[in-house]
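Down below is the structure, laid out as structure tokens.
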Amino acid sequence: VWMDAGTQIFFSFAICLGCLTALGSYNKYHNNCYRDCIALCFLNSGTSFVAGFAIFSILGFMSQEQGVPISEVAESGPGLAFIAYPRAVVMLPFSPLWACCFFFMVVLLGLDSQFVCVESLVTALVDMYPHVFRKKNRREALILGVSVVSFLVGLIMLTEGGMYVFQLFDYYAASGMCLLFVAIFESLCVAWVYGARRFYDNIEDMIGYRPWPLIKYCWLFLTPAVCTATFLFSLIKYTPLTYNKKYTYPWWGDALGWLLALSSMVCIPAWSLYRLGTLKGPFREALALVILPTQRGLPTHHTAMDGKVAVHERGPPAVSWVPEEGEKLDQEDEDQVKDRGQWTNKMEFVLSVAGEIIGLGNVWRFPYLCYKNGGGAFFIPYFIFFFACGIPVFFLEVALGQYTSQGSVTAWRKICPLFQGIGLASVVIESYLNVYYIIILAWALFYLFSSFTSELPWTTCNNFWNTEHCMDFLNHSGAGTVTPFENFTSPVMEFWERRVLGITSGIHDLGALRWELALCLLLAWVICYFCIWKGVKSTGKVVYFTATFPYLMLVILLIRGVTLPGAYQGIIYYLKPDLFRLKDPQVWMDAGTQIFFSFAICQGCLTALGSYNKYHNNCYKDCIALCFLNSATSFVAGFVVFSILGFMSQEQGVPISEVAESGPGLAFIAFPKAVTMMPLSQLWSCLFFIMLIFLGLDSQFVCVECLVTASIDMFPRQLRKSGRRELLILTIAVMCYLIGLFLVTEGGMYIFQLFDYYASSGICLLFLSVFEVVCISWVYGADRFYDNIEDMIGYRPWPLVKISWLFLTPGLCLATFLFSLSKYTPLKYNNVYVYPPWGYSIGWFLALSSMVCVPLFVVITLLKTQGPFRKSA
């Protein structure tokens, strides 16, 4: 047991393989490797522990299915991966999927171990012979040579008898015995020959403090003693290799195995004797020469190491295409930053971003997309876009704002004047959002005020707005009884269309102004104005309530929803996976656009909010947390929505598909209908619409704040004066309110749908995202931006983010953008009303007015720049 524990530690930690030394050699001199190592060791062991749950839960399933003890199905090594697990998946539903997932995991687990091992070998050879290999293309040739030699030797293991050769390598070449032997000499060399105290001094020079004293005592006593004892025990208990506990190798097979084992262990004494034999002079002096560090081998100051790492790691300098004036960013002086304002603390920034990104779409769009696109299967494309597009672009925009301390337009102008049109395009989208998004708040306020009655007005058909076609379906539950009344409408629908909207026959007939909605819209704008009129000082305080209160409402509604009869069926309908839906490209399109909508990407808001951060704020950690919070909120909201839809389905005796809605249909038709079936319906109605109001309110005023920020940063001399900011906000509010009055006319819903479908559509956001990542990663330079981020937060983010900027994000966004164009279908209201041609022309004008900014300002910038074209580019 003790022997197995020790060898498992050495195997799983890759100790004495040289990989850790090689990988550590690429660190910067002052990197805190002590903290990294502690975290990695716990991560390794934690992963092993969690993997045990995965393995033995499946083995337990196999045991029960086959009616045999678990000991008869338990395997290890290749037996688990290629016998036990394949046998298990054939007993599972969707067995091809689980087989693919498992072997995909096995491939990735082995792949990074393999290429890191090759990298470590190459690093060792290049550092041993730098004059030979540190020349142009020599490294690539060396890697090719290592790969070809390893491949040719590996062909022996792919013969029909290759498994016996594989087992020899596995049992002897990298056995616990070899690793323990090397570990003894490693600890003795550092602790007793070089000196544990001296090595602690070196570590202190690197990380700024001395590690825990127990580590030094381990090097001096515990580690060599335990390793020696375990090594001797493994020698005493050695048993020759047998394949499958049956086949015994011939004597020359065991001899070959011992040759593999001793070929590594003999290097230490052989090289020691060789070095002593080649040195001249008295033995004592010769011994001192071979055990003391040389000036050539060990740097005396960290600057020497820095220079070494620069060549060792980076190679030739990266070249990026950026206009000359963007080569080095001008730093804001302290007075200007102070005038501009900053968040008082990190929480204000986090809550402001959370308020912006966690909005109505989390409640009324994500759950519907899940049920529409295969239930739980929808999470597969969703999380692919989440990691490949959502987090990278979200982090890019926040980091850009924090680094430049500028709003969306001037931030891109500083990074690359050629692509300042990206910022202007986001301002156009923000302007459209400010006009139409707040209309939803006006509707919600109207419903909230209507809820303060003895009986909810959409419960019965006895109101002045109801027609002769109105029928209360609550008294006619069951599919069989609904059919005769299929030409009738519900009181909920008539309240929405006739009382709230007063909807006309089409966009050509705008009708009269709905003065009650106009007053609700005015109230919404007054609230927004006073939330942001003092800048981040007021915004940062307001979000403490507006961003957190919806979660209280969500929890209350969740508790109520899951306790309703029929809730379980609704939740099952929400999560039940239909993997065949993944074949439909529209599912992937919906996943991608949902990520861009819910993360507020390419709207300029993230850049503006990040610009108020302190320069050294850890925006990377903030972005990761906010992205996961956003998606988690959407996931939980799905339980609220579908538990209530399941209740409605059971009460009415109809399938869930007949009551499921998305967008305004969920908020203003399905849910109002649901609350009429509950006791204390007025209470639940008030709670729901209060939650909607707060979800929309902080998204709205943060969006206005970002538009104001962009305007002030574009014209600081005119707008960064006393009273000018408040006047600008008032002007924006008044203009947006006046334009919004068109959307609260009797035909305003048709205009609202045009804004929602075209002005901030997935096509616009995907188009801008392609240019954003291309500008940062290929024009400005991903490595350079990583350097800027490191200067802000003190370390370089996960490399996957940079890889996503360079390849994954632009590739996925471009593919999704082209697919959305090819699958474009003109807007229809309620899937019935077809807009006239001039209506579609207005819609495309709204969409193109933002997208055209990017190429337009590329041309304008090039025309305004003097000199030859290449230099101006």
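A Cβ is built for glycine as well, from the same backbone N, Cα and C atoms used for every other residue.
Source: prediction; values computed, not measured.
As recorded in TrEMBL:
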BINDING   GLY355, ASN362, SER598, ASN630, LEU695, ASP698, SER699  Na(+) binding site
DISULFID  CYS461-CYS470  disulfide bond
TRANSMEM  6-26  transmembrane segment
TRANSMEM  38-62  transmembrane segment
TRANSMEM  141-159  transmembrane segment
TRANSMEM  256-274  transmembrane segment
TRANSMEM  349-367  transmembrane segment
TRANSMEM  379-400  transmembrane segment
TRANSMEM  421-449  transmembrane segment
TRANSMEM  548-575  transmembrane segment
TRANSMEM  624-648  transmembrane segment
TRANSMEM  727-745  transmembrane segment
TRANSMEM  757-782  transmembrane segment
TRANSMEM  842-863  transmembrane segment
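Feature map: annotations from TrEMBL on the structure.
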residue : record             : Cβ neighbours (10 Å)
GLY355  : Na(+) binding site : 27
ASN362  : Na(+) binding site : 25
CYS461  : disulfide bond     : 19
CYS470  : disulfide bond     : 20
SER598  : Na(+) binding site : 22
ASN630  : Na(+) binding site : 26
LEU695  : Na(+) binding site : 30
ASP698  : Na(+) binding site : 28
SER699  : Na(+) binding site : 25
In contact by Cβ distance (the transmembrane segment (256-274), the transmembrane segment (757-782); 3 or more pairs under 8 Å): no
With an 8 Å cut-off on Cβ pairs and a sequence gap of 6 or more, do the transmembrane segment (349-367) and the transmembrane segment (727-745) reach 3 or more such pairs? no
Take the C-alpha atoms of CYS461 (disulfide bond) and LEU695 (Na(+) binding site) and report the distance between them in angstrom, rounded. 31
Taking DSSP as the reference, which of helix, strand or coil describes GLY355 (Na(+) binding site)? helix
Give the distance between the Cα atoms of CYS470 (disulfide bond) and ASN362 (Na(+) binding site), rounded to the nearest whole Å. 32
Test the contact criterion for the transmembrane segment (421-449) and the transmembrane segment (256-274): 3 or more CB pairs under 8 Å, pairs 6 or more apart in sequence, then answer yes or no. no
Sorted by sequence, non-GLY355, ASN362, SER598, ASN630, LEU695, ASP698, SER699 residues with Cβ within 8 Å of centre, Na(+): ALA354, GLU356, ILE357, ILE358, GLY359, LEU360, GLY361, THR633
In the same chain, which residue numbers or ranges, 6 or more beyond the ends of the transmembrane segment (624-648), come under 8 angstroms Cβ to Cβ? 350, 353-354, 357-358, 362-364, 366-368, 370-371, 382, 386, 390-391, 394-395, 551, 554, 557-558, 561-562, 564-571, 573-575, 598-599, 656, 659-660, 666, 670-671, 673-674, 677
Intrachain neighbours beyond the transmembrane segment (141-159), with Cβ under 8 angstroms and 6 or more residues off its ends: 118, 121-122, 125-126, 133, 165-166, 169
What residues in the same chain, six or more past the boundaries of the transmembrane segment (379-400), come closer than 8 Å to it by Cβ-Cβ distance? 353, 370, 411-412, 415, 582, 587-588, 591-592, 594-596, 599, 601-602, 606-607, 609-610, 613, 619-620, 622-624, 626-627, 631, 769, 772-773, 776, 785, 788-789, 792, 797, 800-801, 804-805, 808-809, 812-813
Kindly assign ASP698 (Na(+) binding site) to one of the three DSSP-derived states: helix, strand or coil. helix
